[in-house]
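Enquirer: Here's a structure for you.
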Amino acid sequence: MPIKKPCLKLNLDSLNVVRSEIPQMLSANERLKNNFNILYNQIRQYPAYYFKVASNVPNYSDICQFFSVMYQGFQIVNHSGDVFIHACRENPQSKGDFVGDKFHISIAREQVPLAFQILSGLLFSEDSPIDKWKITDMNRVSQQSRVGIGAQFTLYVKSDQECSQYSALLLHKIRQFIMCLESNLLRSKIAPGEYPASDVRPEDWKYVSYRNELRSDRDGSERQEQMLREEPFYRLMIE
């Protein structure tokens, strides 16, 4: 007597649906790579950007003492259990996601308070493209700690478009902002600190360095350095 075999039918429709969605599931980084040339050309069409410097900003000793206070639209938080003092804009200018792009600023340990005094007008500026940043409380770190000898400032960059993308205007403002930070420190003859092994920077950046924290680690390596130098965001900052 013949054995009846069950009728097994592969549902190809579901596979087709998944397959059709694959081109749309590009990561934010891949989208930025695909749009690199367009953004590169658009950025160069913008004139130089001039940032309005904030007045009546706190000095370094002030923010080391505060627990939580509002300054120039930024909430400053200094928890006793944290080595960092955090600043976050109450009404963010960039409504998109954080996709890992950030900058460090490395200063000689003894000059961190002075560096903050020099940069605070820009960091608190209403024109600043940076909605969130932090600075090391030097009273809470050891002499040779990573964020004691360098990387005392961290600037977090958020996207401003759908799909975690950056507009050309925001990228232009960030480029100009970094240039202003660098030039102010250089003009004031601030001594640079030791920039992190996890980061990359071009030769003309003396204080600022870049890292994408979602695609790298703190230890750094030759392979990681090469990968970071190929990041489209970083290239749009320096090329």
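Just so it is clear, glycine is given a Cβ too, placed from its N, Cα and C backbone atoms.
According to Swiss-Prot, the protein has these features:
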| type | residues | note |
| --- | --- | --- |
| ACT_SITE | HIS104 | active site, proton donor |
| ACT_SITE | LYS134 | active site, proton acceptor |
Enquirer: Out of HIS104, LYS134, which has the highest number of nearby Cβ atoms, where nearby means within 10 Å of its Cβ, if these are the active-site residues?
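Expert: That would be HIS104, with the highest Cβ count within 10 Å.
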Enquirer: Pop the Cα-Cα gap between the residue listed as 'active site, proton donor' and LYS134 (active site, proton acceptor) into the table, whole Å please.
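Expert: Checking the Cα atoms of LYS134 (active site, proton acceptor) and the residue listed as 'active site, proton donor' gives a distance of 10 Å.
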